[in-house]
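Residues or ranges marked as region 'Disordered' in Swiss-Prot: 1-45, 388-447, 481-509. The annotation compositional bias 'Low complexity' is assigned in Swiss-Prot to 9-27, 388-403, 499-509. If you look up Swiss-Prot, you'll see 107-172 marked as domain 'CBS 1', on the strength of sequence analysis. Residues or ranges marked as domain 'CBS 2' by Swiss-Prot: 199-259. Positions annotated as domain 'CBS 3' by Swiss-Prot: 274-331. The feature domain 'CBS 4' is assigned by Swiss-Prot to 335-391, with sequence analysis given as support. Annotation source Swiss-Prot lists compositional bias 'Pro residues' at 428-441.
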Amino acid sequence: MDTNTVTKGAGNATASNSSSSLGVAVSPPMERNNSQSSIHKPSHIAAHRQSFAENQRHPPPSPRNHRHPSLTQQALLELMNHPPTNRHPNPRYAGRDWRDITVGELAVPEDVRWADLDLSVQDATMLLLKQNPTNVVLVRETPSSQEVVTTFDYSDLNAYLLVVVGLANPDEENVTLYNDISRKAQAQEDIPLREIQSLSRKEELVAVSADDYLDRAMEAFGSGIHRILITSQAGEVIGVLSQLRLVEFFWNEAVNFPAIERLYGSLLRDLQIGTQQIIAINLDRPLTDALLLMHNEGLTSVAVVDQGLNVVGNISSVDVRLLTNAASLPLLKSSCMNFISVILSERGMEHGRDSFPVFHVNPYSTLGHTVAKLVATKSHRMWVVESASPSPSAPATPLLQPSQPAGAPFAPTTGVDGPTPSGNVVMPPSPANAPAPPSPLPNQTFTTTVIPSGLPGARLSGRLTGVVSMTDILNLFAKSSGLRPSDPSEQRARRRRSSSSSVRPSLDSARASIDFRSKSAAYGWQYTSNYEYN
């Protein structure tokens, strides 16, 4: 059979050539028969139009009415980020009252990290960074001693950093010490832990026996203690129990403890826990302002907000780990928002995926939802937000000047832990034509600036109105179980640095000419860290 003839007659070059090449007989093309078309059938058209009109008058029910409602994208993300906990009782704790569980059952001896007072700050920092789930190094007098004399954590590292780069302005009695530490750091001399003990206020050391019951730890944590030491009968430290570890325990094992599990279904609004006295910082303030704020107020984290007071991120003392490389020192002069982007980028590299941890809840969130986020983010607190406020689109320049000059002493104002430096945090006024903000809060203070357009802000969270910490949650657990924890404000006051000590609010003030690269020798920490974000 002639291929060209078949192709020409078929009118379909592709199909005919393919079939002819295989030696398959090709039938002649089918002619379109006009009688088969409805184009010449007016009656059919009329019937079709009538049927169409009837369908419009009485449309059939939508199949969507019979479909199960789908999860919203936000609900799906929440489910992925916080999967349901195991609903099967743990044989180890089933049928037991949590107050009958001993502290030693939660001890993990492998998590204890030791250093002696003569160890250098650099070496102690490496112990703190590398695979340390407790985020603390226990310090003893000598390598052979088993008695804990102090601790070294990220708050201490933050205090040391501020002294080294010349941002802390000490009291008169500490001027010589601060100058000596700065001089040794620039000369790349080892600085032992013994010499930096007075740089930050220490939390009270609380030790409990491994044979003590969990209610004693609960009472301590509900009183504001962040961690306790677990000791053996011989007095040796065999573990460190933190607030996070205990909250995580009750979250994972809640099915075994009905009294605790019932609380998880309650709304934060109904439980009335947390505080509405908030300390926050604006997103375009220098990172050093956030570090100084945490140091002077004894905080482990601070909310970063835009001009509409919408939460755009969170900076914690643990994030200081990203500043222990000499190459990262220029970040100190960058904005808080820029540092948040560095934190997110670092998380993405560590976990192999993009991540945006959520550090906020709302008054209608359940306690269980809040605890799930605390456990997932390993954070000490969740910011409570309401519906997002519009964020103005304007250059990132302050609308207001600080209430006092940068070099003037700070006047005390009321904050979460007592007096706060009003030169560093002020409440921006609302525009005259703006609606009244929901739930106006007394003593609520913030820094001032305008969020640049395009940066994440209002659409990510909402207006900051309060905060719920692990101390608040464990205090609730303790009181609901008949315990009597003391007032957490006593521990908060202890962690605060003396308000009489002044600090420089910005690198753009008296020390704007600091050469950070000349300070980088103070660290000498040129290594790549692989450790769990907390």
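Glycine is no exception: its Cβ is also placed from the backbone N, Cα and C atoms.
As a summary of secondary structure, the domain 'CBS 3' (274-331) carries 24 helix, 18 strand, 16 coil according to DSSP. The DSSP breakdown of the domain 'CBS 2' (199-259), given as helix, strand and coil counts, is 24 helix, 15 strand, 22 coil. Remark: secondary structure over the domain 'CBS 1' (107-172) totals 24 helix, 16 strand, 26 coil, with classes taken from DSSP. Taken together, the residues in the domain 'CBS 4' (335-391) have a mean pLDDT of 84 on the 0 to 100 scale.
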